[in-house]
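Chemist: Pasting the relevant annotations from Swiss-Prot:
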BINDING   71-76, 105-109, 129-130, Lys142, Lys151, 169-172  NAD(+) binding site
BINDING   Glu184, His247, His264  Zn(2+) binding site
Amino acid sequence: MQTLTVDLGDRSYPIHIGAALLTRADLVLPHLAQKRVMVVTNTTVGPLYLAQLKAALEAAGVRVAEVVLPDGEAYKNWETLNLVFDALLRERAERKTTLIALGGGVIGDMTGFAAACYQRGVPFIQIPTTLLSQVDSSVGGKTGINHPLGKNMIGAFYQPKLVLADAATLGTLPARELSAGLAEVIKYGLIWDVEFLAWLEANMDRLRALDAEAISHAIYRSCEIKAQVVAEDEREGGLRAILNLGHTFGHAIETGMGYGAWLHGEAVAAGMVLAAETSQRLGWLGEADVARTRALIRAAGLPDVAPNLGVDAYLEYMGHDKKVEGGKMRFVLLKKLGEAVITDAVPADVLTAVLTPPH
């Protein structure tokens, strides 16, 4: 097992990364305010992992309640969130009752948001079971739900007490979901660490084959970069926005196609290609850099061509982006591979050219 710390002063918390951590109640117990939890999971992950987590906690004397939600991005909304509140109220959950998110990014985001809201804030723990949630969404305290007009538009910054990333759960992950997670891993190389990017190019086959050593390294390095960025800028006042490479375009793809049609990682992958092409048109990246980005995204089994929503639709959806400031869209682009920049100075003709097929 490897451990990282997200350094946020008295709200710091550990990220434990390893195999067979799901049954390690000894890792969970120190972070419980009372021996009482509510596990939030979904209809896919619950049948696979809920029983063993519950048994381990109950054997340690913890009272465990559960709520099982429908699976999918299409359910990341108020109606589903209310099912969590219904369960908490039925169980008479208290302010010291800990919520445990057992699932991927949707479950983690909704559980964290429920924890931030219920009785104005109860503790929660992240047990991410997808690669995307293990390397990205479980770390850093972004929680929330979608709105028909925009992804993740309703939410809160609310940090977990613990992140438990059990790489063994990736064994049941469909190949498409694994690839979606690799998009966020690639993102860290593009924005922060060109050596990690080169390592990903050399090891993509191992990662897709779930080679234990390769997967552990990818999770650790991704979390290490994210923890460093979040520690410097928890609430996305500046630096943290670089973690959104590909997300301005990607969120527009998800909204425009209908939540769940494209997985988040797939939309981000295509969005990162659009960001690379924009960076090239601004004179920052060379043609070879864009080709290298595309090739790695394809090697991960991800789309490198964005859907044709039409320029106007893209601009409409991107106008709802959370990085918009003073009515101006702000983009995360690449000064070079391994170095991101945030800018609002993207000329309209450049955007139009990038968003007009063929890409």
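Please read every residue number as a count from 1 along the shown chain.
Including glycine, each Cβ sits where the backbone N, Cα and C put it.
Remember, it's a predicted structure, so these values are computed and weren't measured experimentally.
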Chemist: Taking only C-alpha atoms and a 10 A limit, tell me which of Gly105, Thr130, Thr169, Thr172 are near His264 (Zn(2+) binding site). These are the binding-site residues.
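Modeler: Hits: Gly105.
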Chemist: Cβ within 8 angstroms of the Cβ centroid of Glu184, His247, His264: which residues besides those meet this for the Zn(2+) site?
Modeler: Leu132, Asp136, Ser137, Ala183, Lys187, Gly246, Gly250, Gly265, Ala267, Val268
Chemist: Can you check which residue among the binding-site residues Thr130, Thr169, Thr172 has the largest number of Cβ atoms within 10 Å of its own?
Modeler: Thr130
Chemist: Rounded to a whole angstrom, what is the C-alpha distance between Glu184 (Zn(2+) binding site) and Thr130 (NAD(+) binding site)?
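Modeler: Spelling it out, the Cα of Glu184 (Zn(2+) binding site) and the Cα of Thr130 (NAD(+) binding site) are 12 Å apart.
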Chemist: Counting only other Cβ atoms and using a 10 Å cut-off, which of the binding-site residues Asp71, Glu184 scores lowest?
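Modeler: Sparsest of the binding-site residues Asp71, Glu184 by Cβ contacts within 10 Å: Asp71.
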Chemist: Could you tell me which three-state DSSP class Asp71 (NAD(+) binding site) falls into?
Modeler: coil
Chemist: How many Å lie between the Cα of Thr130 (NAD(+) binding site) and the Cα of His247 (Zn(2+) binding site)?
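Modeler: The Cα atom of Thr130 (NAD(+) binding site) is 19 Å away from the Cα atom of His247 (Zn(2+) binding site).
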Chemist: On a simple 10 Å Cβ count over all chains shown, which one of the binding-site residues Gly105, Gly108 is most densely packed?
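Modeler: That would be Gly108, with the highest Cβ count within 10 Å.
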Chemist: Identify, in sequence order, the residues in the chain of His247 (Zn(2+) binding site) that are 6 or more apart from it along the sequence and have a CB within less than 8 Å of its CB; answer 'none' if there are none.
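Modeler: For His247 (Zn(2+) binding site), the qualifying residues are Val268, Gly271, Val332.
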Chemist: Counting all other Cβ atoms within 10 Å across every protein chain shown, which of the binding-site residues Ala74, His264 scores highest?
Modeler: His264
